[in-house]
Amino acid sequence: KKKARQSCSLPESSWEERLANAVTPLWRLPYQDQLQVKYESQRKILQTLASHLEELGIDAQKPGGLCCPLQPVVPSPIINGYRNKSTFSVNRGPDGNPKTVGLYVGTGRERNIVCVKANHVENIPSKHKQVAQCYEEFICRSPLDSCILFHEGGHWRELVVRTTSCGHTMAIITFHPQELGQEALATQKTLLKEFFTCGPGAVCALTSLYFQESTMTRCSHEQSPFQLLHGAPHIFEELLGLKFRISPDAFFQVNTAGAEVLYQAVGELCQATGDTILLDICCGTGTIGLSLAHQVSKVIGVEVVEKAIEDAEWNAAFNGISNCEFHSGKAEAVLPQLLASWEDARPLVAVVNPSRAGLHYRVVRAIRNCRSIRRLLYISCKPEGEAMRNFLELCCPPDPRKKLAGEPFAPVLAVPFDMFPHTVHCELVLLFTR
């Protein structure tokens, strides 16, 4: 295994060091020490969950005050440059240049944001840094201003770079149109395309170049379509022997090699047999369900992002997988309908992989009230946040006032995965049964 850098080679308190400390706070520690730090933080989370369950009258204390056994943190196969997606901001740099492309030091609340180039940040691959550098060169040449505060005008905004192990690179540029007409917008799109196809940006060898006009902080494809300026509409990734199509805003685990390890473990923890039905909630492009489809009789995926469902359906067809069905819509709208009249006698295992906001209460309620679900895997990138609320809702005694009639779940095993080396974050897989 490669070791994380053990001595600091950045100038003390330089902007580069401050950014490294903000984005990758564990970057100085040898990798085994990073894993130990993460193990301790996951242990505290399970202790907190145990004490919350005790407050609900549930005897959940196991050895060490944990709610269930905690396995060691599973290491990432790749430690440096593992990110397959990076989001770069445009703002004032340390030298005052308002067209600096990088990552933030400081906060909006404190009004002390400085945008620092990310050339030295260890979890970002060199290809992403190259695209960011080229984008900065382009906007510095442009007569149009960067858009730092929407109401103050300006146009050039953030850059998203996505790469795959197949060697594909997608760049997505966000642009605030302000008062520009269609002709002026078309000119900017042409200039951008020319720069990245036959100008200095051609060194990036982009597979896809997208442009999104956005008057909001974040826009979905439905709110403001991603416009393909150059190349292929999708990039492709290979995972566990399957090929996956990725759209501009589709969710995909940020560490591909780590995701393979995670999904293999999920497959084992499901204990699925040939007649099992796998319910994949917040399924994204279908990666979990499709990678486990050969183990089960059927996969049912639910996902809010329409484009991700299109990708999931394409992925299933391309890989010759015919036992999957995918439902587009908010899980809290789709799942209660799906499970309310569930009469299939086959065993039903649920896997949930929500965003940091956790699951909507109606989703938890639908899972609780579906007697067929005896085994549930909750994958959380922030178990100390909103996911904690979900854990308690899954485990609390039945409550008629909250329409929680179903038998409670109990946590039986926790397995943390280091999907984010150099950061304090961890992906926790918590297995619940009843």
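The backbone N, Cα and C atoms fix where each Cβ goes, glycine too.
The shown structure was predicted, so the numbers you read here are calculated from the model rather than taken from an experiment.
Summarising the annotation, TrEMBL assigns active site, nucleophile to C381. Here the Cβ of C381 (active site, nucleophile) has 19 other Cβ atoms within 10 Å, regardless of which shown protein chain they belong to.
Using a 10 Å Cβ-Cβ cutoff, Q253 (S-adenosyl-L-methionine binding site) registers 24 neighbours. According to TrEMBL, the S-adenosyl-L-methionine binding site annotation covers Q253, E303, N353.
Of the recorded residues, Q253 (S-adenosyl-L-methionine binding site) and C381 (active site, nucleophile) place their C-alpha atoms 10 Å from one another.
Taking the mean position of the Cβ atoms of Q253, E303, N353 as the S-adenosyl-L-methionine site, the remaining residues of that chain whose Cβ falls within 8 Å of it are F251, F252, C282, C283, G284, T285, T287, I288, I379. Counted over all residue pairs in Q253, E303, N353, the record's binders of S-adenosyl-L-methionine, the longest Cα to Cα distance measures 15 angstrom.
Comparing local CB density within 10 A for the binding-site residues E303, N353, the maximum falls on E303. A separation of roughly 18 Å, to the nearest angstrom, links the Cα atoms of E303 (S-adenosyl-L-methionine binding site) and C381 (active site, nucleophile). Note: the CA-CA distance between C381 (active site, nucleophile) and N353 (S-adenosyl-L-methionine binding site) rounds to 9 Å.
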